[in-house]
Amino acid sequence: MSKEKFERTKPHVNVGTIGHVDHGKTTLTAAITTVLAKHYGGAARAFDQIDNAPEEKARGITINTSHVEYDTPTRHYAHVDCPGHADYVKNMITGAAQMDGAILVVAATDGPMPQTREHILLGRQVGVPYIIVFLNKCDMVDDEELLELVEMEVRELLSQYDFPGDDTPIVRGSALQALNGVAEWEEKILELAGHLDTYIPEPERAIDQPFLLPIEDVFSISGRGTVVTGRVERGIIRTGDEVEIVGIKDTAKTTVTGVEMFRKLLDEGRAGENIGALLRGTKREEIERGQVLAKPGSITPHTDFESEVYVLSKDEGGRHTPFFKGYRPQFYFRTTDVTGTIELPEGVEMVMPGDNIKMTVSLIHPIAMDQGLRFAIREGGRTVGAGVVAKIIK
């Protein structure tokens, strides 16, 4: 049992494979689990186990995703792989599988293709912080100059979307040969694992980030004051801490005079816990659902932002018809809907169900937001799209 216990103390990092269709993402995923299991222990996963990915729902959207796990000597990885291009788009936009870093798979036989570019762009828009490149099918290319050319193209493409193309690790390998147990190609998988360990920094745990609690409910308790309830999204809140109430109205400061959970008084509330926070000198009507409690100065309210959006298809329960500029749906952030207007990119007249699109949104009330915040687009309580804040305008 002692081994199991030790495993859990390793840092946990979320990664995934991205790249063009048929460039070998799933084969590479299988190869990583197989080679690392052989060298460092753990469970190997066969190609077909990964390829028939189970359906899951994220924000009402059906996504096919495979989750595998593997270990290196220093870390534990959770790795996500999607069978289809549409699944990647949905996955990255909804944040169903948050990635601390991605492995971009490019076939050396093809070089960068349209989805290579699209996945890099999506990675930039949704805030995937690090990309490592696996140049696949190198066993089928014996021309060194060609490999160098493909490598150069990939680096240029990464730089175009503000990733550090010149410094990005690129591994030349063959996922299939590694999966088949050929030693020289297995080495390349170990080399890739080494880059995962060193190039992707250890993610900051939610509990170490600045305190944030999306407010779900507000009520007043006679003789004690106003209590807000919700689930702590990140950080820790302690009795006596000063906090800001951010969003919808002007930002206000107050002090937390008590933290309670299941009607018991605590000293603190931590990320992941459902708590009630008693606020000093704050009236019930000054606060509403949709605002957040936050560490002072850690988050600001905004109305205008650029976003990357996936519009649900009719089959997913989305709209049956396209929408045009001047569309005014509700944008659901954390716990509340806010009406907003949209601007479409130049030359785009309409958006069809099933499309993914970049759009600029202007909300009628400010919402506490930072880059990477996820939201749903709703019409009368029905989800018709999912999006992520790519850039704050004002």
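Including glycine, each Cβ sits where the backbone N, Cα and C put it.
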Of the residue ranges 69-72, 81-84, 333-336, 345-348, the one that Swiss-Prot records as region 'G3': 81-84
Swiss-Prot annotation of region 'G2' - which of the ranges 60-64, 225-229, 265-269 it falls on: 60-64
The annotated region 'G1' range in Swiss-Prot, which must be one of 3-10, 19-26, 379-386: 19-26
Beyond the flanks of the region 'G3' (81-84) by at least 6 residues, Cβ under 8 Å: 16-17, 21, 25-26, 29, 50-53, 63-66, 68, 91
Candidate nearest THR26 (Mg(2+) binding site) in space, where candidates are the binding-site residues GLY19, CYS82, HIS85, CYS138 and distance is Cα-Cα: CYS82
Conformational class of GLY19 (GTP binding site) under the three-state DSSP mapping: strand
For LYS25 (GTP binding site): intrachain residues, at least 6 apart, with Cβ closer than 8 Å: THR17, ILE18, GLY19, ASP81, VAL105
PLDDT averaged over every residue in the region 'G4' (136-139): 98
Tally of residues which DSSP labels helix, strand or coil - the region 'G3' (81-84): 0 helix, 1 strand, 3 coil
